[in-house]
Each structure stands twice: as structure tokens, then as C-alpha cells.
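Below is one structure, written out as C-alpha cells, with a few remarks after it.
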Amino acid sequence: MALNVVILAAGKGTRMRSDLPKVLHPIAHKSMVQHVIDTAHEVGSDAIQLVYGYGADKLQAKLGEQQLNWVLQAEQLGTGHAVAQANDNISDDDTVLILYGDVPLIQASTLESLLAVRDENGLAILTVNLPNPMGYGRIVREDNKVVGIVEQKDANAEQLAISEINTGIMAAPGKQLKAWLGQLSSDNAQGEYYLTDIVAMAHKDGVAITTAQPESAVEVEGANNRVQLAQLERAYQARAAEKLMLEGANLRDPARIDIRGDVSVGMDVMIDVNVVIEGTVNIGNNVTIGAGAILIDCDIADNAEIKPYSIVENAKVGVKASAGPFARLRPGAELAEDAHIGNFVEMKKALLGKGSKAGHLAYIGDATIGCGVNIGAGTITCNYDGANKFQTIIEDNVFVGSDTQLVAPITIGKGATLGAGSTITKDVAADELVITRVKQRHISGWARPVKKAK
């Protein structure tokens, strides 16, 4: 049987008080519905039906390049009505997994468990026991077998006392699901077509109904307002922080890290507070990440150190290399083994070779710098003429004095020395000393201008 996933994402989310469709609000820098789509792929979906309604243009602008079947729900008439819109894309022999675009923390392992407990032609529903089930549909059992689901507004006093609730997530056989959806009625307190009514239909038809539960109730929580969205964000971050610690990272405070992507860590990694990690980040063994650092799509090798308040984006930091504090590695920057940049040094599309250093207050762009090079404070590679960018090449063991400008394209030969305050516009040969400063003048008897009275 093919696994056909239906994701319900048509709601406006009025309580969000936003023009953005509810499912596009982010958790960890990724829309809620994208989390669900990614999880659907993780469980091996053969097809994904995205049922949409409000904010169609924004949804398609955000998700349009993905392999999705777009199914319009023109009127929001309930969950059963929403799933029914996808009937034309469901084959009789499909296993249909129904998910929700505003329930972003559902785990692939939980869905795999749900699919595993389902009989070949049976119905499997994901339930959870809550100490306070207020507002949720209750699972009705007879002799411990599920016979139906009753919504909060339609429940009697006995049913309201039930703590096992419906999460809405279920797996059903395609042929029977389409038949059940065709029998739904809106004769209820909400005047909607409840997907939950198919459970009673399945029981009546003698179809086996099985249940599974998530490892944690937070997996099945949705976000209807920004308070709930923030609560899900915290839950996501707590889970991500726990994963890092289990992989070998020491987090100075697990509640003060922001993980917005996929991060892998080696052993004995130390991460201080208020670090932000985005995209795909790989951190080696014995790495130290200082407070307030931002890591985006980067690789940090063994024994490296990113000091406080530094930014590393689309860059590489080599073994025993260090950056910061307050350093910035922009896209294409690379620190080789044991290289170092200090405070207020910025690099872009540049390589700083093994053992080389730029201690402070420098800009290095479109440059290749060899081994053992010293870049003095205030040094700038002048790589842009207003129209095009040019390369600076600095060979091994060069000493660049403070406040030096290197006007590209230019090559500085091995072992050369550039005097402080120089503006270098021509290539420098190996082992040369170059100084371009204006000759110092001494003017005796100089008097400063007197300020005019106001």
C-alpha cells in the first residue's frame, strides 16, 4: 500500500491576529506546516495532499516549489469536509495518514508507531491522556474497544469525564475512508462535518480500530494564538537542546540556546548562553562557542573556538582556529588550522592560512592569505572599484603593518614586510620592505585656530 499523507492547512487562524495564514507562522525559523511536511517525508510518504484555503497566494509563494498536491477547500466546513476535498487524489488501496499543519512537533517515530499498530484494512487513531481534557474530543470505549469520538460541545457529563482525547491524527484505508467521508453529516452543535465521526462508522462496519500514543503530549499540541506558538517554540528548543546534550555538548544553560536548523556536535563541546544556530551546522570535538555567537550554515573543526558575539555564516573554521570576540566570518570565509581573527575583524570570500592572524579591526575580502601571516590592526583589502571586485593574494610569512590598504588586484610576495600606514597599489616582491607613507613634517610655532565667539 502506498502512504498518502493529507495535511490540513486551510484555516485562517483568526486568534493569531495576523494576515499570515496560521500554518505559516514559524517554529525555530521554519513554518509550522513545513515541519509537518518534513515529518511526512521522514515517514516515507509517497504523496502529500496539502488542503489549503485562506492565504493561498502566501502559501504557494512559500511552499510552491515542493512536491505537493494542492487541494483547495473553498469553504471551511470542518475537518471531515477538508479531507474529503482530497478524495480525487486518494486511491482505494492507499494508506491515508491525516496530519495538521498547525501541529508542528509531531515526531516521525510516533507516526511510525501509529502505522505499525494499524491492521491491514483497519483504522488507527492517535490518542493521548490529558489531566485536563477541556476542549478536546473524547475517545469513547466499550469493553476497552474504541467505538467513537465525541466532541466537547456534544459530550454528556459522563463523556466529559473521559481523559483520553482525540488528537485528530489518524491512518485509514483509502477505499473505506472515502466511503465514510461521503456519509458525514453536519447535524451537530458546530454545524460542521467532523472527521471524528468516521470512527463510529468504522466501528459499525466492523473495521478494527487501534490506537497509539505519542511519547509526549506536546507532540500533538497545536497553536491557535501567539502565546501557544511561543509555548511550542520553547518545547521545540528544549527538545533540541536535550538532543545536543545527549550527543556530547555541554550547554551552559539549556533554556538559553536558539536552534533553528540541523546541528551536529562532537564530544566535549561547550556552548555558552544565548547562542543562535541556523541552517546546517557541524561542530567538531572540543569546540568552545562563546556567549551570543551566531552560527549559520557553517563547519567548525575540532578544538576551534568561536568567542563571544561572533557571527559565522556559510564559512569554515579549521582545527584549533579561533574567531572573536565580535568577529564576523561572512559567506566564503575560511580560517585554516590555528588561524586567528580577533575583535572587529570581518572576512568574506577569503582564506586565512595556517597560523596566520588578524588580531583586530580589519577587513579581508576576496583574498587568499598564506601561512604565518600577520595582518595589522586597521588593514583593509580594497577589493571593489565601484563596479567589479578583485583578488588580493598574500603569500606565506608576510608582515602587514597597521592601517595598511591593499588595493586589489595585488600580490604580496613571500616574506615581504609592509610598513604601517601604507597604501599598496602595486605587487610586492618576496622579502621586500615597502613603505608608502608621506614624509613626516615638523612645523614649529604652530597655533591652533581660535574659536569665534557666538
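Just so it is clear, glycine is given a Cβ too, placed from its N, Cα and C backbone atoms.
These figures come from a predicted structure and were not determined experimentally.
Swiss-Prot lists H360 with the feature active site, proton acceptor, giving sequence analysis as the kind of evidence. The number of other CB atoms found within 10 A of the CB of H360 (active site, proton acceptor), across every protein chain shown, is 18.
Counting only same-chain residues at least 6 apart in sequence, those with a Cβ under 8 Å from the Cβ of G101 (UDP-N-acetyl-alpha-D-glucosamine binding site) are I7, L8, A9, K22, V23, M32, V33, V36, L50. G101 (UDP-N-acetyl-alpha-D-glucosamine binding site) falls within neither a helix nor a strand when secondary structure is assigned with DSSP, and so counts as coil. The UDP-N-acetyl-alpha-D-glucosamine binding site annotation in Swiss-Prot covers 8-11, K22, Q73, 78-79, 100-102, G137, E151, N166, N224, R330, K348, Y363, N374 and is backed by sequence analysis.
Counting every protein chain shown, the number of other Cβ atoms lying within 10 Å of the Cβ of D102 (Mg(2+) binding site) is 24. Summarising the annotation, Swiss-Prot assigns Mg(2+) binding site to D102, N224 and lists sequence analysis as the type of evidence.
The acetyl-CoA binding site annotation in Swiss-Prot covers A377, N383, Y384, S402, A420, R437, and the record cites sequence analysis as its basis. Summarising the environment of S402 (acetyl-CoA binding site), the number of other Cβ atoms within 10 Å of its Cβ, over all protein chains shown, is 18.
Sequence annotations record features per position, and here Swiss-Prot assigns region 'Pyrophosphorylase' to 1-226 based on sequence analysis.
Annotation comment: Swiss-Prot describes 227-247 as region 'Linker', evidence class sequence analysis. Proximity of distant same-chain residues to the region 'Linker' (227-247), defined by a Cβ-Cβ separation under 8 Å and at least 6 residues beyond the stretch ends, is recorded for 16, 25, 27-28, 104-105, 218, 221, 254-255, 257-259, 263-265, 269, 271.
Among the features that Swiss-Prot reports, region 'N-acetyltransferase' is placed at 248-454, with the record citing sequence analysis.
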| field | Using Cα positions only, nearest of the recorded positions to E151 (UDP-N-acetyl-alpha-D-glucosamine binding site) (N224, H360, A377, N383, R437) | value | N224
| Listed recorded positions G11, H360, A420, R437, filtered to Cα within 10 Å of D102 (Mg(2+) binding site) | G11
| field | Shortest C-alpha distance to N383 (acetyl-CoA binding site) - which of the recorded positions G78, R330, H360, N374 | value | R330
| field | In the chain carrying G78 (UDP-N-acetyl-alpha-D-glucosamine binding site), residues 6 or more apart in sequence that have Cβ under 8 angstroms from it | value | S186, Q190, E192, Y193, Y194, L195
| said: What whole-number Å value do you get for the CA-CA distance of Y384 (acetyl-CoA binding site) and R330 (UDP-N-acetyl-alpha-D-glucosamine binding site)? | reply: 16
| request: May I ask for the distance between R330 (UDP-N-acetyl-alpha-D-glucosamine binding site) and R437 (acetyl-CoA binding site), taken between their Cα atoms and rounded to an integer number of Å? | output: 31
